[in-house]
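All remarks here apply to the structure that follows.
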Amino acid sequence: MSFTLAIVGRPNVGKSTLFNRLVGKRLALVDDQPGVTRDLREGDARLIDLRFTVIDTAGLEEVTDDSLQGRMRRLTERAVEMADVCLFLIDGRVGVTPSDEVFADILRKKNAHVILGVNKAEGRAGDAGAIEAWSLGLGEPVRLSAEHGEGMDDLYHILRPIAEGFAERAAADAPVVDVDVSEEEADLEADPDAHKPTVKRPLQIAVIGRPNAGKSTLINKIIGEDRLLTGPEAGITRDAISVRSEWQGTPIRIFDTAGMRKKARISDKLEKLSVADGLRAVRFAEVVVVLLDVEIPFEQQDLRIADFAETEGRAVVVAVNKWDLEGEKQEKLAELKEMFDRLLPQLRGAPLVTVSAKTGRGLDRLHAAILKAHDIWNRRITTARLNSWLGAMVEAHPPPAPGGRRIKLRYMTQVKTRPPGFVVMCSHPDEMPDSYRRYLVNGLRDHFDMPGTPIRLTMRGQGDKNPFKERKFRTPSRLRKHLGKKG
């Protein structure tokens, strides 16, 4: 019973509150200030046994120019055309306004299924607005309180027959496919490519950066349509907007985030909410694209953003935007690489890609870099290979001997992926200097081809149980002396 429902209406009638109610999470920013929502935000909605896609839209306003409000209105009209059903919300406490009448007329012409909802209609305060709503000519209004969850049953009974109609149509149009889905799912764990993106498990990408770096423009170019609001004004995006799409054959879910300024500059309450929303999007993501402006790259805030993504353990790709504006490309590229290596040593080897979100140049390279970063982030190395490598590393450069006691490295294993995490069993783990840890981490990157991805390395003492104690490994002779084995 899958269909798409767009929630539309004037600013501040409760669209985002209802969106959050339907998706069961606080995904959209909510505030009593009009115009909080500026982009189209999609979510997986659930209403009793109905499952559908819901779109939260910017408020409809009576403007048609190229102002910010005008572009917001055009995005909303696009959502109306995309949706199977429109839920037109008015404010029950305010009643029907002249703008409501104009937009009701527009919706009648643009969409076959329009449901009229009177929000904030709890108690007697909403009675007059609910009665007045009949004058819009959209049929019987459904009384709702998005904030308190009232009227959801009534909305369900209106949506159910519409959903059944779409389900019957989809079943009639669906091709017959001779595939045992259960067998495919059962083989997923045995598949070495199990981490590859699929429609059910798309690659999660977050695009982050300072305000006006071109994040929304880049995403619009990637997905091939104007889904996100763009313009010269810094800070247009306020939410972390998520869009599902396919990019050069790769199923993706891509997050656009609010621009992240220095904390001292974040004074507006909405902007604080937006930045926190962007940080949450990083935690949802698998690959984070840090987008820089070629004219002012590697500002202090860029470095903080990249460091945050690495600290969160996400695969990182650095993209330098507005490359079409750069005249001396070779000299600038050499300068960017030098700055990257010097200012972000924790991301040594991470891909640096030049792009133009405006023209689309460089998106092929960006796509390839994201897929490679995701593959490395999911990489698993066998214990035998790790211990063979560890023996060679110790032989080339033995651990220090603090207080005259040599630190002995017993064995090593990988304990997790996403990002790769390793444990080394050793004597005196607390005395292992950071310089030797970096030596091992850099060696892992170089030997196993894992540039740029965060690597977690933990030292554990001999008191911890060795899960490989009873197992026999065929190890090189030079490693046996370090593992305490007898030939």
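Even glycines carry a Cβ here, placed using N, Cα and C.
Over in Swiss-Prot, the protein carries these features:
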BINDING   9-16, 56-60, 119-122  GTP 1 binding site
BINDING   209-216, 256-260, 321-324  GTP 2 binding site
COMPBIAS  471-487  compositional bias 'Basic residues'
DOMAIN    3-167  domain 'EngA-type G 1'
DOMAIN    203-378  domain 'EngA-type G 2'
DOMAIN    379-463  domain 'KH-like'
REGION    459-487  region 'Disordered'
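Looking just at the domain 'EngA-type G 1' (3-167), the mean pLDDT is 78. Of the recorded residues, Asn212 (GTP 2 binding site) and Ala121 (GTP 1 binding site) place their C-alpha atoms 39 Å from one another. A separation of roughly 52 Å, to the nearest angstrom, links the Cα atoms of Ala121 (GTP 1 binding site) and Trp323 (GTP 2 binding site). Listed binding-site residues: Asn12, Thr57. The one with the lowest count of other Cβ atoms within 10 Å of its Cβ is Asn12. When the binding-site residues Gly209, Lys215, Trp323 are compared by Cα distance to Lys15 (GTP 1 binding site), the shortest distance belongs to Lys215. DSSP gives Ala121 (GTP 1 binding site) a coil state; it is part of no helix or strand. The closest partner of Thr57 (GTP 1 binding site) among the binding-site residues, by CA position, is Lys215; the full candidate set was Gly209, Lys215, Trp323. Long-range C-beta contacts of Trp323 (GTP 2 binding site), restricted to its own chain and to partners at least six residues apart, with a cutoff below 8 Å, comprise Val294, Lys329, Thr354, Val355, Ser356, Arg361, Gly362. In this view, the densest Cβ surroundings among the binding-site residues Gly9, Lys15, Gly209, Asn212 belong to Lys15, judged by other Cβ atoms lying within 10 Å. Remark: secondary structure over the domain 'KH-like' (379-463) totals 34 helix, 19 strand, 32 coil, with classes taken from DSSP.
Under the DSSP three-state reduction, Gly209 (GTP 2 binding site) is assigned to strand.
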